[in-house]
Amino acid sequence: MKILVCISNVPDTTSKINFTEGDTKFDTNGVQFVINPNDEFGLTRAMWFKEKQGAAVHVVTVGGAQTEPTIRKALAIGADEAIRVNAEPTDGFFVAKQLAEVVKNGGYDLVIAGRESIDYNGGMVPGMLATLLDMNFVNTCIGLEIDGNNATAMREIDGGKEKISTTLPLVIGGQKGLVQESDLRIPNMRGIMMARQKALNVVEPVDAPQPTQDQKFEKPAPKGAVKLVDADNVGELVNLLHNEAKVI
Amino acid sequence: MSVLVYTESLKGKFKKNAFEVASYAHKVAQDLGTSVTAVTFNANDDASLGNYGVSKVLKIANDKLETFNAKAYADALAQAAQAEGAKVIILSSSADSKFLAPILTTKLNAGYVPNVVAAPDSTSPFVVKRTAFSNKGFAHTEISADIKVIGLSSNAFGVVENGGSATVDNFSPSLSEGDFAVKSVEVDRVVGKATIADADIVVSGGRGLKGPENWGMIEELAEVLGAATACSKPVSDLGWRPHGEHVGQTGKPVASNLYIAIGISGAIQHLAGVSASKTKVVINNDPEAPFFKAADYGIVGDAFEVVPKLIEKLKEFKAQNA
């Protein structure tokens, strides 16, 4: 089995978000970039398939040279090879088209992406990729087993979960649950050393339209001060929620 | 040329978000000088959508579509969009809508923007405001493709009743075997309890509650309020509560009218995930907890004393206002 894990290079979850150039760009100044958490759960599940079922695992990102430390980390965790499509990922459909080209050329059976990136939150790349290639697709995937050509997946739905049966080739939009938080791996020194020897192939993008454009960003309006209610006067909270906030 | 809207239902009954997306579609249709066509799947009371601004319903009644199937539903919606010549398609932010949206968008060569929080800034060019950076920011995004697909954030636009009426036409999309290559084997859904996705009120517990055995009062508070229960990331990582309850940046987003955080300090990732809620209440014994900076109302105190009192007061309130 040949697996491709799609990695998005995103600001660390603790990052303060600011915008620059007249609020038209995300301000990367002082921001630490990491593997998108939803992708990291998928990468870790791919490592399981590699170790238990002998799968080959490649990772891909669409991004400039500044994303290479993130993709090297994926190699240090255990991926065999990496591909970087040398383009700025400014639109979900554009990214899906780039990934479709990589999947076609690489002949992958299983593509694991995250359900969404935690920066632009588009959540569209996995489904678009699957549709472009006519591969099966399961989103918000919280469990995945592969047996030969058959796949059994768990999908998180609103208020529960759904067991799904399908076949390879398959694209999944994964999230926590594919593996647990405690299963995530921190690269060790040997992994980091080995990652330096592994191939990181840079490919140029294919032409693709960008049907959406972010024109301007803004930050949420600053929050007013909290209204404190005395712990001995809980009835006052009920009163405020009913008469002032009008939510009960 | 109408605005097309996918109105979700469960076992024949429309979900709350169906009325919200219909209301939003009505606003967009007004801006564009056109009308709203809704697509329903095995729904019971199709004409009721008229009250939310829908003029015409394309009713799909098909046993094979009894359980949601993203590819088949997307195929049906694409055919409905083509039949109507729709240039704008409105979806919700449910797990199902987010599953089918990219499939539908790709089939129609459209442009898709999810997490939209307001009526379009303008319709020519077509620009919408959406959340980005996990609610730590907003983006104004232009959709330049001919067909626009919009995913509306939950509880962002609200439900607007206008007393209108809708005609109902049967619609039979032609579906292929390939549409059902991803099969639902079993659905395990909590019944009779509000879900985080569409609850008006969410009650959430954190590590301050000390252990899973102490969730009784959270459940009781939720029951009194008709609320969904949720939890912070550490609580789900520790296995005190199921992962489906984890809310925050890497868990489920919350956009309820009222969010009550109990024993949750308010890490930046948690606050990002719940910030779309309209009113936030924090109960925590640490006055320095960051959540107090993000909340509208707060009580500094021991949750084990405050929550039972709150339950009691809410019961009194309910009795008086019943």
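Each Cβ is built from the backbone N, Cα and C atoms, and glycine gets one as well.
The FAD site in TrEMBL is built from B:GLY263, B:ILE264, B:SER265, B:GLY266, B:ALA267, B:ILE268, B:GLN269, B:HIS270, B:ASN284 plus one of B:ARG207, B:ARG241, namely B:ARG207. In the predicted model, the domain 'Electron transfer flavoprotein alpha/beta-subunit N-terminal' (B:3-194) shows an average pLDDT of 97. Most other Cβ atoms within 10 A: among the binding-site residues B:ARG207, B:HIS270, that distinction falls to B:HIS270. In this entry, FAD is bound by B:ARG207, B:GLY263, B:ILE264, B:SER265, B:GLY266, B:ALA267, B:ILE268, B:GLN269, B:HIS270, B:ASN284, whose most widely separated C-alpha atoms sit 18 angstrom apart.
Counting every protein chain shown, the Cβ of B:ILE264 (FAD binding site) has 31 other Cβ atoms within 10 Å.
In sequence order, the binding-site residues from B:ILE264, B:GLY266, B:ILE268, B:HIS270 that place a Cβ under 8 angstroms from a chain A Cβ are B:ILE268.
Contacts of B:GLY266 (FAD binding site) defined by a Cβ separation under 8 A and a same-chain sequence distance of 6+ are given as B:VAL282, B:ALA289, B:PRO290, B:PHE291, B:PHE292, B:LYS293, B:ALA294, in order along the sequence. Using a 10 Å radius centred on the Cβ of B:ILE268 (FAD binding site) and all shown protein chains, the other Cβ atoms total 18.
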